[in-house]
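This report refers to the structure that appears directly beneath it.
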């Protein structure tokens with residue numbers, strides 16, 4: 001099942017992952033949205049008192065996937081095989097795709113192809129009830145944290161690609177405030193729980209430092 005729907009020029013992708021209404025995870029998502037509204041992002045990402053860390057990370061990972069899905073959807077007409085023949089984040093960083101199962105040896109591919117592989121792969125993880133259980137009382141697997149870290153590390157690359165290769169288009173579409181808020185939320189979250197290795201964040205290090213200073 002490919003992640004992309006219909007034509008490449010469709011403005012946004014279909015929302016792929018809904019958290020069932022009335023579930024505890026839905027309540028957690030509502031809590032996250034409410035605290036985000038307070039404007040204090042450092043506080044908004046903290047684990048709510050008495051909550052399970054895995055569940056909090058799961059709910060936020062789904063939310064970030066949906067956000068990035070929508071943000072990338074706004075610029076797909078600019079991110080083409082011709083404009084982006086490699087998946088890069090500036091001249092110094094290039095990403096090759098491998099998922100360990102279907103594609104074991106990293107392959108060089110265009111940015112739209114890479115992001116299609118990446119989002120389809122993330123979707124498959126999120127839909128796997130053994131990895132991301134949605135039913136109350138079903139425990140998270142022992143390897144949950146390492147799976148979540150891999151998902152977030154890969155989602156970061158989509159932000160990095162958008163900032164480095166498509167920021168002009170983002171400004172043209174007047175989406176920069178939306179992108180910046182989403183990325184700041186993402187970075188504060190991964191920093192709070194140490195979910196992405198600092199070396200992986202290097203392509204956007206200057207921006208990350210700037211966002212952090214503004215918040216102090």
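Placement of Cβ uses the backbone N, Cα and C atoms for every residue, glycine included.
As recorded in TrEMBL:
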type	residues	note
BINDING	79, 84, 161, 166	Zn(2+) binding site
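Overlay of TrEMBL feature records on the structure.
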residue : record              : Cβ within 10 Å
79      : Zn(2+) binding site : 21
84      : Zn(2+) binding site : 19
161     : Zn(2+) binding site : 24
166     : Zn(2+) binding site : 24
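Apart from the site residues 79, 84, 161, 166, the chain places the Cβ of 75, 78, 83, 111, 112, 115, 162, 165 no farther than 8 Å from the centroid of the site's Cβ atoms, the recorded Zn(2+) location.
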